[in-house]
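Peer 1: Structure below; questions to follow.
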Amino acid sequence: MNLNPFEADNSVSCQLTSEIPEVCRTEDCCLGIDEAGRGPVLGPMVYGICFCPVSKKENLKDLKVADSKTLTEAERENLFQKLDEAKSYVGWALQVLSPNTISTSMLQRTKYNLNALSHDTAIGLVQYALDSGVQLKEVYVDTVGPAEKYEEKLSKRFPGIEVTVRPKADSLFPVVSAASICAKVARDRVVKGWNFAEDLGEVDADYGSGYPNDPKTKAWLLKYLDPVFGYPQFVRFSWSTAQTLMDSKAVTVHWDDDEEDGEKAAQRQNNRSMLSYFGASAGGNDQNLTHQTHRFFTDRRLKSLNTL
């Protein structure tokens, strides 16, 4: 598994793929979908697909693939190695969703929640397999949200393919278990080798599980919270845990497009709104300015005007 494309810029999402087995282009295939890292406040979420000919389903069982959450890291690595060695009939693809992608998606003006992001990512991976010539006939998915609605959505999007969406699909269908292992191995490797773009010095890698309720994770979040710039891009700043810490420990910022008028909020805190630097002085008289004009304006002989 070559992670270089993602590691080159871990602020954006990236697709990683295996070679497509020739047999998957000629025989009817099944495909499983699962993710790793949906809940943590640290690191990416990875969506994975794994596919093989329907005739090879039993071979996956023989590999003894299982839900990645029930396996140790060493067991997952071993099983991924076995899947990689079975490349004559097994293929996989991953979409690594960076923490930055997740947070900016969730906090954009038009709300794009994690379920919608998950659905679109899964659909994109299935479409990738079809575009690559994989003869898909069966798709098995670990559900996100209500299973029946998700199954109906995927069936409409991919007519002619038998779609099965179930809770805990990674423990029911070996092809989903295989996808789960691929996704989890990729996330573990990415998190372990995370390249911090920020200048943080020697970073403490003991951040626990990455889940919000983990004391080690909370301690790490407190340690690396910058009061002005917030968190490094390793953190999903849209998570309530991160937002709560920023609200209580970081410098307060007043935005003029907040629900409460920014200038009034700033005045109440004895701060100056950013807009005040662009307003005209009372009566248009430069002598009445309550703050010193910045050199940028004086060097260019720029003045505020009341009228045009």
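Positions of Cβ are set from backbone N, Cα and C atoms, glycine also.
According to TrEMBL, the protein carries these features:
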BINDING   Asp34, Glu35, Asp142  divalent metal cation binding site
DOMAIN    28-251  domain 'RNase H type-2'
Peer 1: The domain 'RNase H type-2' (28-251): mean pLDDT?
Peer 2: 90
Peer 1: Which one of the binding-site residues (Asp34, Glu35) has its C-beta surrounded by the most other C-beta atoms within 10 angstroms?
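Peer 2: Of Asp34, Glu35, the one with the most crowded Cβ is Asp34.
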Peer 1: Other than Asp34, Glu35, Asp142 themselves, what residues in this chain have Cβ atoms within 8 Å of the centroid of the divalent metal cation site's Cβ atoms?
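Peer 2: The surrounding set, listed in chain order, is Ile33, Ala36, Tyr47, Gly48, Val141, Val144, Ala169, Asp170, Val176, Ala179, Ser180, Ala183.
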Peer 1: Within the chain of Asp142 (divalent metal cation binding site), which residues six or more apart in sequence place their C-beta under 8 angstroms from its C-beta?
Peer 2: Ile33, Asp34, Glu35, Val165, Arg166, Pro167, Lys168, Ala169, Asp170, Val176, Ser180
